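Following: one structure in structure tokens, then a few remarks.
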Amino acid sequence: MDQAVIKPTIDIIVCASMKNSDDSITKPSSCSQSPPFLTKIHAGYFFISLSFGAQALLWKSLSEHNNESQTLWHGFNLMPSVAYLLLWCLAVFIATILSFLYMLKCILHFHAVKDEFSHHIGVNYMYTPWISYLLMLQSSPSSIVPRTRYYEFLCLAFSFVIFLLDVKLFGQWFTTEKRFLSVVANPVNLVSVIGNLVAAQVATEIGWNEFAISMFSLGMVHYLVLFVTLYQRLTSNNQFPIVLRPAYFLYFAAPSMASLAWKSISGSFLISSKMLFFLSLFLFLSQVGSIHLSLSTISCQF
């Protein structure tokens, strides 16, 4: 029964159209039956546009403090403002290309998208397009994307998609025996937490405070449950692929995003935001320390 639950870990990276481990054994050349370019495109590639959108939002936040001459960010006045615009344009350009390619995959190879959605790791990547869209909207220059009702509609639409994904994912954890969280929990599940927190921050910006609080509370409860589940997971559970080990850094990305989201909701950087920030800093140091110890162990072996 354990073999039926555990799916091939390389599906999401190479070929998401493989539905189970038996197919990967009996049909090793199933990827070659379809154009490899589209079948290898999965939702995880939207992490590229997500990262550029987050960087653009960071530069936008720094530029907003440039008018305060006595602040720590006064040195950023020397940096050209065109860098922020270039980052945002690059994020939009990458997201547009990836969205076009993924739509082609949905049309031409819908079975591959369906199998990706049913995968216990791949389903978490479905959050990344909508998170990147929200970050690009939030970091967009007001001269290019005016804060009108259309802007609010897009923010709510993308946030609602994240909410629908939550309903689908949480429903599987509660009702489906082979999808219990204790069985399928992995660090990539934290992407859904970040999606809820980004949606909460964007909802606060457009004035939907009640919706922002609901998304924030949903994300934080989800994070606590995931943190405890992943912390005490058994060795008999699904092994996380080595190639996806960088996803462990999502442990501190979630509380860091929660700190920013609560700062937006409360209007100031209060104690709760500081607690979340220091938690993310501690988890970051823990991750860095574990990497240092691993490298030291490897060097001692040689």
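Using the three backbone atoms N, Cα and C, a Cβ is placed for every residue, glycine included.
Look at TrEMBL and you will find 43-62 (among others) tagged as transmembrane segment.
Annotated transmembrane segment per TrEMBL: 82-104 (among others), in sequence order.
Marked as transmembrane segment by TrEMBL: 125-144 (among others).
Among the features that TrEMBL reports, transmembrane segment is placed at 150-167 (among others). Counting same-chain residues at least six beyond the ends of the transmembrane segment (150-167), those with a Cβ under 8 angstroms from any Cβ of the stretch are 126-127, 130-131, 133-134, 137-138, 192, 195-196, 199, 202-203, 205-206, 208, 211, 215, 218, 222.
Residues annotated as transmembrane segment in TrEMBL: 179-199 (among others).
TrEMBL lists 211-231 (among others) with the feature transmembrane segment. Note on the transmembrane segment (211-231): residues 156, 159, 162-163, 166, 170, 181-182, 185-187, 189-190, 192-197, 199-201, 203-204, 251, 254-255, 258, 261-262, 264-265 of its chain, located 6 or more positions outside it, place their CB under 8 angstroms from a CB of the stretch.
The annotation transmembrane segment is assigned in TrEMBL to 243-262 (among others). Counting only same-chain residues 6+ beyond the ends of the transmembrane segment (243-262), those with a CB under 8 A from a CB of the stretch are 9-10, 13, 121, 186-188, 190-191, 193-194, 197-198, 200-201, 204, 212, 216, 219-220, 223, 227, 270, 272-274, 276-277, 279-284, 287.
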